[in-house]
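What follows is one structure encoded as structure tokens, with my remarks underneath.
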């Protein structure tokens, strides 16, 4: 009866050999069930529409969602990976600012809302560039924080708050980077198919996010050129291969010499000039000019893929920036009354680096576009240099990580910097650049970006902050750790105070027998290595299983295409063999 139409149902109920009340009850039950079904379908439809509406609203509210789709449609996922990485770093700095501002700055401002600024010091505007003067007496730097226990509604120990906020933030950053890198590596390298074959490039390398007609036409030409270049490289003679090897070796020796020379120049410059903008100006000038020289090496070098070319540029820029940062850190750690001075130096580096990135977009991309389209048309429109731009982001984030101890509010400057930089690079990209001629897998490039951000940059920044907390003596005149032998001494003082409080002995026991025990860290290391080995074995097993399943699919497809038709007896004797 339920499946019948309304007219047929009424006729069928009327013909039933039952009383009128029974027929009325059957009709009521059927109508009630039908209403339930209708209500269920209506609720499903409304729920689906509500889900679509919520998803659409979330995408509308998501930061730069429409701009990301536009960039991916015009320039492909390789260029889009840079902007995704920039957005990811922006979220990182927002989290850092909220943590530092909430647990370090706000309690001090509530306790003492007016900074102790001398009468002869006022804000003149130049402090935005230099970071000195008025900012030196505010909560911008390490020296503006008290070493007292703030007494209000609750007691708030500024020493413990400062130490544990920085420590927990750095640990969380490391955990997030490790998990992001491991997840991306497993997806894009361990379980991914090799991408170097011509069949993959021909059949599977098309970027379906591109919707612009000009970009699609250029992508077809780039794919054709890439396949022809690969076919020519496979026919290289031994002398040509040796020639290419010599060019690569010479380029690497020259780039390494430039990096070492830049580091030595910064060291000698720091001996004579530190309090002005000269050092950050020279550092930023080196970070702008030397990578451009590295890019010129690509005119003479020939790489088999764009990913290798990008990786070579990235490694060279890493050597350059790490040599400069290493020299600066060495100099900073050997200066008396150094915390606020280091904070000011890092602030100036961040500001001047942003100015040079802006100038680099103008001179490196705008002028290149003008020269390539009007003066020397054979040069053509410049490509968007993914490697150089990504290294600029990683370098800027490294400065923020190093400065988190000396200037807790430095992430606020980074937020403004990255926000402006996103629109600056987007405008420069759309007006001055073209998509790369040879595109790599954007997902694997994103994995490489995160790996470089973790090592050596995050590890280097963490090492400097840890060395500062464990070995260096804090300044006697300013800062939350004045009067202590080292920053980590605040934990020992806190543990000594806990011994006097009943019920806190378990915390003291954990600190003395676990935290300060070498065996504990040895066991943790062994457990981590065992877990890594287990996951590696699981990944290898899945990779082998995927290979077997693919081979089975190939065998089945070949068997289905076989024109022979075997009888049952022939199949029986075949399997007996």
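Each Cβ is built from the backbone N, Cα and C atoms, and glycine gets one as well.
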For TrEMBL, the entry transmembrane segment belongs, out of 211-236, 367-392, 445-470, to 445-470
What DSSP reports for the domain 'TMC' (337-443) is 80 helix, 2 strand, 25 coil
Lying 6 or more residues past either end of the transmembrane segment (309-333) yet within Cβ distance under 8 Å of it, the residues of that chain are 252, 255-256, 258-260, 262-264, 266-267, 270, 283, 286-287, 290-291, 294-295, 298, 301, 303, 341-342, 345, 385-388, 390-391, 394-395, 398, 402, 438, 440, 445, 448, 452, 456-457, 460, 464, 467-468, 472
Honestly, do the transmembrane segment (445-470) and the transmembrane segment (88-109) touch, with at least three Cβ pairs under 8 Å and pairs 6 or more apart in sequence? no
